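A.B. asks: This is the structure, below, for whatever I ask next.
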Amino acid sequence: MELKMRLCVALLSLSLCLGLMGHVRAQEEADDMEMDVEDAIDDMQEEDVEEEEQQVPASPPVPTVTYKAPEPMGEHYFAESFDKGTLHGWVLSQAKKDGIDEEIAKYDGKWEVEEMKDTKLPGDKGLVLKSKAKHHAISALLLRPFTFDTKPLIVQYEVNFQTGIDCGGAYVKLLSQTPDLDLEEFVDKTPYTIMFGPDKCGEDYKLHFIFRHKNPKTGEFEEKHAKKPDADLRTYYTDKKTHLYTLVLNPDNSFEILIDQTVVNSGSLLNDMTPPINPPAEIEDPDDHKPEDWDERPKIQDPDAVKPEDWDEDAPTKIPDEDAVKPDGWLDDEPEYISDPDALKPEDWDEDMDGEWEAPQIPNPACETAPGCGLWQRPVIDNPNYKGKWKPPMIDNPNYQGVWKPRKIPNPDFFEDLHPFRMTPISAVGLELWSMSSDIFFDNFFVTSDRNVAERWAADGWGLKKAAEGAAEPGLVNQMITAAEEKPWLWIVYVLTVAVPLVLIIVFCCTGKKSSASTSAAEYKKTDAPQPDVKEEAEEEEAKEEESEAKKSEEEDSTGEAEEAAGNDNKDGNTSSEVEHLMLLETHRKYRKPFKA
């Protein structure tokens, strides 16, 4: 019975899992379709929403989360929540981008400080990229420059792709501290120390971590890119939720990249960047050349091999089958095709222009019932004597010298930087972006050297958003019903994966034993076979238990009866044997069994 119950629970769990998988897959497909048609319905969206608001009854109130602007509680270099509703402290770029058409060269993309379109936290504002197909650039100075010495760097901020993202970035640049830094001239070529954040175009989902490393020998800067995260980043771009992006750089050259406080990438600046921080100590000599007599052939033809005398290089691959026999009834004199007797020359046929008209060819009707028509030829078969062109066998090359490689020489550009964490100091944070999507929401920028302070800031900002978005989400059943309303075929999935297995489980668990018993009884009646005496065995067990209880009570009663019998014996003169006889009668009376005196 216990095994059956476990099986029931397992089957029910499996059916529910299958139902959820179908719902999740349908939801992902719905998200993809929304992304594909987004641009096409932008102009119609507002009108549709107004109509739906008039027709659809108001949904039950959603539990609210009270918003309070986060405040930094510890050492920090930059903190911006935008909740004052202004761009105070931020500078819009007035520059133009070099090397592109004048029409799109200006950084004239619009920025606004506002709440999210579908905000769950009234009063929570952020920086919103408003324009599509425009260059955007905005930046702000840190409270003080950050110097890479003995303290870690923690950078975090929030992003919400409110209308999805087709092609565009949402990464932040930490601008290098330089004497000529002018935020009004902020462009793509403005020197930065670190670039970090999400970027997407097509189906290429990226999470950048790039830093510019200074060559200690030449003073030139080179971009170093972190390895690609192993995690699937797709949902962070498509779920239209607010996500927290965090970069942690430690003085021991280790780094961590987190999304929603979960590590999605980590490594070492020394070992996990491309190209590597340090060049190789030796390089191939560019002036070294392979000698003309260098033999790289591992195998050569045997020079001593001789073609066998019976080797016929001219033998054909196929020969006629001499054992074949022409089938009976073969019509040698009948052609396979004949002129169509029903064909007529077109009226507009001009023999001077088109030549002599000939009726089209059709299969000969006489050949339909015959094995074949025309000249019979033997079929061809593989030639057993065919050997092809003779080639000497291959042997190991006694002069093989291996694959030639240029010799190694000391790298004239070699250097060894064991502390790449010591980057160029940063003095500003900036967003320099091009996007084919609008309404990208940024919020709660924070730069610090204390991870606990960063986590407190995240809890007071992003943590509230997460709680509010979670409270606003419908329950699982409502999500499944909503998905089925949009995709009616999901009802079939629900029935097949939930309802049908549930009915089968109930039938299996509740009726299996009864059915088995009734079948067994019917079978005994049909065959008149001996039936196990299960009932009698149970009665015997019950009788044994009653007998055990009776013995206990007998011991208690026998003493009183014996004393009473003894008294009667003294009065009436009964013997001791009569007393014992009376005791036995009383015992058998209690057991209700026949007694033989």
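Cβ atoms are placed via backbone N, Cα and C, with glycine included.
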A.B. asks: Going by the disulfide annotation in TrEMBL, which one of C167, C367 is bonded to C201?
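C.D. replies: In TrEMBL, C201 forms its recorded disulfide with C167.
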A.B. asks: Per TrEMBL, which of 23-50, 247-274, 359-386, 443-470 is coiled coil?
C.D. replies: 23-50
A.B. asks: Far apart in sequence but close in space: which same-chain residues, 6 or more away, have a Cβ under 8 Å from C201 (disulfide bond)?
C.D. replies: D166, C167, G168
A.B. asks: What is the number of other Cβ atoms found within 10 Å of the Cβ of C167 (disulfide bond)?
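C.D. replies: The answer is 14 other Cβ atoms.
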